[in-house]
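K.L.:
As annotated by TrEMBL, compositional bias 'Low complexity' applies to A:19-28. For A:107-323, the entry in TrEMBL reads domain 'ABC transmembrane type-1'. According to TrEMBL, the feature region 'Disordered' maps to A:1-32. Under the heading transmembrane segment, TrEMBL lists A:38-64, A:107-132, A:144-164, A:196-219, A:248-265, A:304-324.
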C-alpha cells in the first residue's frame with residue numbers, strides 16, 4: 001500500500017506576467033522563473049515514473065491478462081492470446097466447479113489464518129513492547145533478541161522451520177516424542193491438519209517483531225506524566241494499559257493492523273518455503289493457490305483473474321476499515 | 001531522547017533491510033556478444049556442485065576446440081520448469097538448456113525452442129545418430145523435434161541384497177503382489193519395504209503413468225483431451241498409494257519426501273526397495289557399495305486386466321534444447337553437437353549412470369554393467385513414452401499433486417478409497433482447460 005502526500009508548493013506556479021516574452025528568448029536571459037515553476041513537477045517525475053512502473057502498469061497488465069486465455073501456446077507472444085472477456089472470472093469464481101470450490105476453500109483458510117496470525121502477532125508485540133517500556137538491565141539485549149526473526153532473511157528462517165518440523169528427523173518431534181515423551185506417535189507437522197497450525201506458528205514468529213517494533217516506537221511517544229497522573233489517581237496496571245497506553249497507541253495500531261493484515265493475507269514466502277511450492281489443502285493460502293493455478297498449470301489468464309478478484313476484495317476491506325476507523329475518530 | 005533517536009534509526013534500518021531482501025536479484029547474464037553461451041544444465045548428479053565438477057571440464061574442452069565459452073548454471077529440478085517458462089516468456093536467458101524429456105511437447109507449444117528439422121538435425125550430426133525411441137520423446141508426433149536427447153533413462157527396481165537375504169527372500173519380485181508380500185516381510189524393526197518420493201509430483205506422475213499402462217488406462221485420449229478419472233486410472237493410482245495405505249510397506253514419513261530422501265533411506269538401509277531411474281551414481285555418493293544392492297526390472301501386475309499393457313517404465317531421459325532467442329544459434333548448435341558426440345556421450349552417461357542417446361556410443365563396457373543392462377533392456381522392450389501432448393506438464397503437476405495429497409491422507413490414517421481417488425482425479429481433470 002503506497003500512500004503519498006503532496007505538500008503544497010511554496011509558490012503558485014501559475015503566477016505569470018501576462019506580458020512576458022516568448023519562452024524561447026526569455027529562458028536564456030531570465031532562466032529563473034520557468035525553472036522555478038517546473039521544479040516541483042520535475043521533482044515528482046521520478047516518483048511518478050517509479051509508481052507507474054512498479055504499481056500501476058503491472059496492475060493494469062494483470063487486469064488485461066485476466067481477460068485473455070493466456071496458456072503456454074500464447075505466453076511468448078501475448079497478442080496471439082484469444083480475448084475471452086470475463087470467461088476466466090466465470091470459470092474461477094464458479095463455486096460449483098472444482099476450481100471454484102478450491103478457491104473458496106483457500107479463501108476461508110487464508111482469512112482464518114490472517115485473523116489468527118495478525119491477532120497473535122499483535123498480542124505478542126504489545127506484550128513485548130509494554131514489558132520493555134521501562135529501562136532495566138538487559139533491556140537492550142532482549143530488544144535485539146526479540147527483533148531477530150524479523151531481521152533474518154525469510155528463506156533461511158523458514159527453511160530452518162521446515163527442517164525442525166519434519167516428522168522423522170525434525171527437532172520438534174525429537175523433543176516432543178523422544179525426550180519429553182509427551183506423544184506416543186510422531187505427528188506430521190507439514191501435512192494434514194497440523195500443517196495449518198505449523199504455518200500459523202511460523203507466521204506469528206516472523207511477524208510479531210514488526211508489531212513489537214512499531215508499538216515500542218509508539219510507546220516512546222506516550223508522555224510519562226500521563227502514567228504518573230494515572231498512578232496518582234490510583235489506576236492499576238490493567239487500568240493504565242486500557243486508559244492510557246491503548247488510546248495513545250491508537251494511531252499506530254490503526255496502521256499496524258492494516259499493514260499486518262495485508263501482508264499476512266498476501267504472504268507467499270512463508271507457505272512457499274515451508275511446504276515447497278504446493279501446500280497441503282489445510283494450509284492452502286490464496287497466494288500459493290494462485291501461484292499454483294498460474295505457474296504450475298500454465299494458465300496465467302485464470303491466475304490473473306483470481307489475483308484481480310483478490311485485489312478487489314482487499315481494496316474493499318481496506319477501504320471499509322479506513323472508513324470505519326476514520327468515522328470513529330471523527331466521533332471521538 | 002537519544003534512545004528514541006536510536007530506535008528510529010534502528011527501525012529505519014530494519015525496514016530498509018527488509019525491503020532490500022524483497023528485491024533480490026534474479027538477473028540472467030545471457031551471453032549477448034562474442035562467442036559466449038549460457039547453458040542451464042539439469043541436476044543429474046548427487047548435487048548441483050557435483051554436476052558443476054562433472055560438466056566444467058567438458059565445457060573447457062569445448063572452449064579449447066571451438067573458442068566458444070559456455071557459462072554453466074545447474075538448475076535444480078524444482079525450479080527448472082518455471083525458469084524455462086520465464087525464459088520462454090521474456091525471450092531472455094540461456095541459449096542452451098536441458099529439459100526433462102516429458103516436457104518436450106509442452107515447451108514445444110510455446111514456440112520458444114528451435115525446431116530440429118532435418119537441416120538443423122544435420123548440423124548436429126544427423127537424425128540417424130539418435131536412438132529412435134529417445135528422439136520420439138523430444139516433441140509432439142508429426143512435428144520436428146523441439147530438442148535432441150542426451151541422457152536416456154528408465155525406471156528399475158533397486159533392492160537391498162542383505163535385507164532380502166535376512167528375510168529369506170531369494171529373488172527380486174516380478175509382480176506387484178510379490179512386491180507387497182516381500183515388503184511386508186521386510187517392514188520390521190523400524191525398517192520398511194519400499195521407499196517412495198510421496199511429495200514429489202513428478203515422481204508420482206511417472207508412476208501413475210506406468211501403473212495406468214499396466215491397467216490398460218490412458219491419461220489423454222487420441223485428441224489430447226484428459227481422461228484422468230477412468231476406472232483404470234483410479235485403480236492405477238490406488239495401487240500405488242496402497243503401498244502405504246493398505247499394504248503398509250512404506251513408511252508414512254515418505255508422504256513428506258520431495259528432496260530424494262527416499263534414495264537416502266534406501267542407501268541407509270531404512271528401506272529395502274526403491275523404484276528409481278539410474279540411482280547407482282547417487283547411491284555411490286551416499287556410500288552404498290554397488291554390491292550391496294541388486295537391480296531388477298520394475299514389476300508387472302500378477303494378473304493384468306483386459307487391455308493391460310506390458311509397460312514397466314516411461315521412456316525417461318533428458319533432452320537438450322536451444323532457445324530461438326539465442327544470438328549465437330550456430331555456436332549453440334555446435335555445442336549441442338559437441339554434447340551429443342560419441343566421446344561426450346560416453347563420458348557423461350558413464351558418470352551419471354544413464355545410457356547414451358546416440359547409437360554409436362554404447363560400446364563402452366560401462367554400459368553393460370548390471371544396472372545399465374536392466375535400463376537398456378527396459379528401454380528397448382517394455383518402456384513407453386509419456387503422452388507427447390502440450391498439456392503433459394500440467395498432467396504431471398495436477399495428477400502428481402493429487403497423489404501427493406492421497407499419500408498425505410494415507411499417512412495421517414485417513415482411508416484411501418476408490419471414491420476418494422476418483423474424486424481427486426476428477427478435480428484434477430476439471431482444472432485442465
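A Cβ is built for glycine as well, from the same backbone N, Cα and C atoms used for every other residue.
In terms of burial and nearby residues, how do these features look in this structure?
P.N.:
Listed as Cβ neighbours of the transmembrane segment (A:107-132) (distance under 8 Å, sequence separation of 6 or more from its ends, same chain) are residues 139, 142-143, 146, 196, 199-200, 203-204, 207-216, 218-219, 241, 245, 253, 256-257, 260-261, 264-265, 282-287.
If you look at the transmembrane segment (A:144-164), the same-chain residues 6 or more away from its ends with a CB under 8 A from one of its CBs are 128, 132, 170-172, 190, 198, 202, 205-206, 208-210, 212-213, 269-270, 273-276.
Within its own chain, the transmembrane segment (A:196-219) is flanked in space by residues 109, 113, 116-118, 120-122, 124-126, 128-130, 132-133, 143, 146-151, 154, 157-158, 161, 165, 189-190, 245, 248-249, 251-253, 255-256, 260, 263-264, 267, 270-271, 274-275, 279, 282-283, 285, which lie at least six positions past its ends and keep a Cβ under 8 Å from the stretch.
For the transmembrane segment (A:248-265), the residues of the chain that approach it from at least six positions outside its boundaries are 1, 110-111, 113-114, 117-118, 121-122, 203, 207, 210-211, 214-215, 217-219, 221-222, 226, 286, 314, 317-318, 321-322, 325, judged by C-beta separation under 8 angstroms.
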